[in-house]
Amino acid sequence: MNVAGLIVGLGNPGKEYERTRHNLGFMAVDALMEAAARETGGGCDQLSGGKKKYDLWRCRITPTGDPWLVAKPQTFMNLSGEAVLAIASYYRIKPDAILVVHDELDIPLGRMKFKTGGGNAGHNGLKSITQLLGTPDFHRLRLGIGRSPHGGETTNWVLGRLSGPEQTLLDTLLPAAVQAMTIFASQGAAAATQFANAYKPD
């Protein structure tokens, strides 16, 4: 099966983690798949559901060209690399054709940044993927969650749910994140970087 690459949304499985800050990656790829169903006519076909390590879809993200794989690891965040490595190995996808979508403490909520390679900024999902792929040279779409205005323990913040005003910002960010992923799929990393890094909420 020919595929253009792999887009991975990071998060934690289970209802207790739904709509938490750490699950922005899951929310973003869900929005991407909804957009694919609306706009390309092809939508997404589920290839693997309920597997131990991941849920996987084949999606027609752009009207032309090969479809993309879209994945949501089911391993919990700290073991995300196990899912990414399993998919990349089976489908023979190289790191430069992988985009990981994740939450980012160092970017304010409502903003996003696209980058290729680099460090993990303390993100355990990225750390796991880097270790198991053996390289940091994959693409990342970093969705801002900001840091707690009250300080305190980071774990409680990232696993907390969004407030009403935060949800409003997220509702604006997700369509823009979908656009960034679509630009990456159709035009490449440079164009996606230009769009994502210039994006500001209204």
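Positions of Cβ are set from backbone N, Cα and C atoms, glycine also.
Within Tyr17, Tyr199, the residue that Swiss-Prot lists together with Phe76, Asn78, Asn124 for binding tRNA is Tyr17.
In the three-state DSSP classification, Phe76 (tRNA binding site) falls within coil. The 10 Å shell around the Cβ of Asn12 (site 'Discriminates between blocked and unblocked aminoacyl-tRNA') contains 22 further Cβ atoms across the protein chains shown.
Proximity note: of the listed recorded positions (His22, Phe76, Asn124), His22, Phe76 have a CA within 10 Å of the CA of Asn12 (site 'Discriminates between blocked and unblocked aminoacyl-tRNA'), given in sequence order. Taking Phe76, Asn78, Asp103, Asn124 as the recorded positions under consideration, the smallest Cα distance to His22 (active site, proton acceptor) is found for Asp103.
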